[in-house]
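Report on the structure given below.
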């Protein structure tokens, strides 16, 4: 293997006198490097802003965004959708959901307590996927900072108010396959976008013909 040769740059001459130092300072300050930096700064100053004034302004979130959970109600009656089956508690990988139920007079499950430990939750969304009644869904409330754990995690914080359910002021859960807002603008080109569809002549040439089927048609 040949030895690689490195090119050594000449060292910069040392400046000793005050006149030379002044000339070097003026050359460095008023040189092309300074104007290049200023030109880039001025260009970005007049370009459209890519940031927003948070928290006064917020970007729209995707329906598939996974934040703090919501416990839904029925839109017509305002009753709770949760039937106390416990599937969300069983499938939870972080073991953060706790449900306490009892049988009522009509032999149906009644929910005594429903808690979610947000300190352990990893927001995977498995509880929302397995729920047969769409009772628990992933919401878009991501501003949940608190100084005490006792301030969040109870059922009353996740449950949709009965008034909002009857007034239909809360949107129905669109599901994990819902389309995000402005998806056309945010969609990036994939390799399949560059594949051209074959023309009609090429497709006809590529379709094979079965001679046995043709013979059968002639005999008929």
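Each residue, glycine too, has its Cβ placed from N, Cα and C.
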Further binder of [4Fe-4S] cluster 1 named by Swiss-Prot next to 82, 85, 88, taken from the candidates 124, 131: 131
Range among 153-186, 187-220 that Swiss-Prot annotates as region 'Disordered': 187-220
Nearest of the binding-site residues (92, 121, 124, 127) to residue 82 ([4Fe-4S] cluster 1 binding site) - Cα to Cα: 127
Among 121, 124, 127, which are recorded as binding-site residues, the nearest neighbour of residue 88 ([4Fe-4S] cluster 1 binding site) by Cα: 127
Pairwise CA distance, residue 121 ([4Fe-4S] cluster 2 binding site) versus residue 131 ([4Fe-4S] cluster 1 binding site), rounded so that it is a whole Å: 17
Sparsest Cβ surroundings (other CB atoms within 10 Å) among the binding-site residues 85, 92, 121, 127, 131: 85
